[in-house]
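Reading through the structure tokens given below for one structure.
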Amino acid sequence: MLKLFSAFRKDKIWDFDGGIHPPEMKTQSNGTPLRQVPLAPRFVIPLKQHIGAEGELCVSVGDRVLRGQALTRGRGRMLPVHAPTSGTVIAIAPHSTAHPSALAELSVIIDADGEDRWIEREGWSDYRAHSREALIERIHQYGVAGLGGAGFPTGVKLQGGGDKITTLIINAAECEPYITADDRLMQDCAAQIVEGIRILAHILQPREVLIGIEDNKPQAISMLRAVLADAHDISLRVIPTKYPSGGAKQLTQILTEKQVPHGGRSSDIGVLMQNVGTAYAVKRAVVDGEPITERVVTLTGEAVSRPGNVWARLGTPVRHLLNDAGFCPSADQMVIMGGPLMGFTLPWLDVPVVKITNCLLAPSVAEMGAPQEEKSCIRCSACADACPADLLPQQLYWFSKGQQHDKATAHHIADCIECGACAWVCPSNIPLVQYFRQEKAEINAIRLEEKRAAEAKARFEARQARLEREKAARLARHKSAAVQPAAKDQDAIAAALARVKEKQAQATQPVVIQAGSQPDNSAVIAAREARKAQARAKQAAHPMADSAIPGDDPSKAAVEAAIARAKARKQEQQAGSEPAEPVDPRKAAVEAAIARAKARKQEQQAGSEPVEAVDPRKAAVEAAIARAKARKQEQQTGSEPAEPIDPRKAAVEAAIARAKARKQEQQAGSEPAEPADPRKAAVAAAIARVQAKKAAQQQVVNED
């Protein structure tokens, strides 16, 4: 009994709320086998044919490409696209694509050369020898995406499933009217589809694999059962025909009774779903080594004379496919990409076929009926009864029309699958799906803007924080530099202080001259040279003009001379009580010679350098003082014995003094001399004469 219940549950199917039963209109195209379409002369390949960002271009204008060659690089969710045939890239520019508004997207335009040459293909016939990651990467790089209409990258979907997938569902329902692409593919390529399903099962390792197919496809069901006759790892489930049983959430509920939560994904309940066309593309990518360059497209409608299903190369213009099917357009002809409920009308026929294109419907005017005027909502709730997602379409309609985005979001407008069942049953002919699409687009735009604003705010706050940190660090560096200078600065400061102290010590140190020793006049000479340099610089900066020296008052000069004579007599009277320092006649002779040389040098410089004005009164006073000193020295010679003088040494020293005098005279022309003071020169000359007389007298005494 338990086995009976288990077997019953194994084949059990469930139902979902809502749904409709529109005319199927599938017999127009599912009766003829798949056929090839002649190559178009030009192909337009949009870079974005899937959910996610477009890939990075890896070709340029003028490049020759082969069929299957990658035109873009795929990283992350960026899925690459490949050349549908061999030819030359003539342009890379925006072109209108498969979109309700025919938006222009960046596309690669290729002129076919007619040879249709493939790249070198490397298939993995023994795919089980490769790792799960390698298989997923190959599927992704070969451009496989969901071919049921969503266009989600298959590799990303498999990678996101991970180890939590317990049920793999293959969607073969194909519930929308007119479309028979999957039906015909299952009839002609059932074995390849099953092989692709096994590759997916090998990657995911689920507990069960289910194929869901509607009961209005008897030929496809029989072909699958024939292929799965000896297989026990894949179960074929035939479900009643009901629209939209092919929806992902609806088919999951039919086969497993599980419902995907609001805002969630099927992987949250351990389910992953793939389309039969996707399974076939996986087989060709892994086993045959062929990127996705073509897909099955249904050409149907009363406006075409040869309806059916064809292998259409991606990038083929819609006009080329319809012309091959015998398209006979009327005056107000429309062409729908997709089905009559979920498709959209093309504004022109130069739009290319992409990976999500499963049908091109060209109905006649009678087939579609006359357009009806939109009326006001009567709140009949027919749309709510038909909604397979358990939503309230009439409320969403009012929220969308009134721009009440928050309320529309709260009523789960994101769960709308845009199946069109509500618009189909609406007695007021309200295009509800169009309102819902526009509302979802506006909500997405608002969220994107909020995200950008949040990112901009985060960047601004991060920048402000960085600037504050840099400012604090800069202030800290300045404070530390002010408190404690660097080692180099400390050394420089210490050296400067040492120099200042040394100069102060030199300035305050007295000059001591010891009798009988040669004084060190280097410091005095250096100071004199410095004063000379300052004087020359001052004269160069501020040249002075010669001016006449006015004469002094004669009465004042006479008074000063009398005062000088009185001082001289007083010094003569004191000569007897104070001992005088003995004078060396040799030194006196030398000093006299040096004084004469300086006098000659000063006379030579008198013509070139201005002479400081001499005060006659001071000169007379100094001369009187000099004579008094001379008399005092003469009086002292008789009281104290003098040191005996060697005449030969005196003669030698006199000769040396004369030689030095000549040398100084010779240097007078090349080196500028310090301006001499005439007063000092006169005093020095008088002292020299007195000392010379004293030396002569002393010599006579010694001879006697």
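Note: Cβ is positioned from N, Cα and C throughout, glycine not excepted.
Remote same-chain partners of the domain '4Fe-4S ferredoxin-type 1' (368-397), defined as residues 6 or more beyond its termini with a Cβ less than 8 Å from a stretch Cβ, comprise 16-20, 244, 247, 249-250, 334, 340, 408, 411-413, 415-417, 419, 421-432, 435-436, 439. Summarising the annotation, Swiss-Prot assigns domain '4Fe-4S ferredoxin-type 1' to 368-397 and lists sequence analysis as the type of evidence.
Counting every protein chain shown, the number of other Cβ atoms lying within 10 Å of the Cβ of Cys377 ([4Fe-4S] cluster 1 binding site) is 17. Annotation source Swiss-Prot lists [4Fe-4S] cluster 1 binding site at Cys377, Cys380, Cys383, Cys426.
If you take the C-beta of Cys387 ([4Fe-4S] cluster 2 binding site) and look for same-chain residues 6 or more apart in sequence within under 8 angstroms, you find Asp17, Gly18, Pro393, Ala421, Cys422. Cys387 ([4Fe-4S] cluster 2 binding site) falls within neither a helix nor a strand when secondary structure is assigned with DSSP, and so counts as coil. Per Swiss-Prot, the feature [4Fe-4S] cluster 2 binding site maps to Cys387, Cys416, Cys419, Cys422.
Look at Swiss-Prot and you will find 407-436 tagged as domain '4Fe-4S ferredoxin-type 2'. Here the domain '4Fe-4S ferredoxin-type 2' (407-436) returns a mean pLDDT of 93 for the predicted model.
Taken from Swiss-Prot, the feature region 'Disordered' applies to 536-684.
The compositional bias 'Low complexity' feature in Swiss-Prot is assigned to 556-565.
Other residues of the chain with a Cβ within 8 Å of the Cβ centroid of Cys387, Cys416, Cys419, Cys422, the [4Fe-4S] cluster 2 site, are Gly18, Cys383, Ala386, Pro388, Ala389, Leu391, Pro393, Ile417, Glu418, Gly420, Ala421, Leu432, Val433, Phe436. Packing against the domain '4Fe-4S ferredoxin-type 2' (407-436) from elsewhere in the chain are residues 18-20, 22, 243-244, 247, 249, 262-263, 341-342, 372-378, 380, 382-389, 391-393, 395-397, 399-401, 443: each is 6 or more residues past its ends and has a CB under 8 Å from a CB in it.
Sequence-distant contacts of Cys383 ([4Fe-4S] cluster 1 binding site), defined as residues of its own chain at least six apart whose C-beta falls under 8 angstroms from its C-beta, comprise Pro393, Gln394, Ala421, Cys422, Ala423, Val425, Cys426, Leu432. Surrounding the centroid of the Cβ atoms of Cys377, Cys380, Cys383, Cys426, where the record places [4Fe-4S] cluster 1, the chain contributes additional residues within 8 Å, namely Ile378, Arg379, Ser381, Ala382, Pro393, Gln394, Tyr397, Cys422, Val425, Pro427, Ser428, Ile430, Leu432. Taking every protein chain shown into account, Cys380, Cys419 are the binding-site residues, and of these the Cβ with the most other Cβ atoms within 10 Å belongs to Cys419. Cys377 ([4Fe-4S] cluster 1 binding site) and Cys416 ([4Fe-4S] cluster 2 binding site) are 19 Å apart (CA-CA, integer value).
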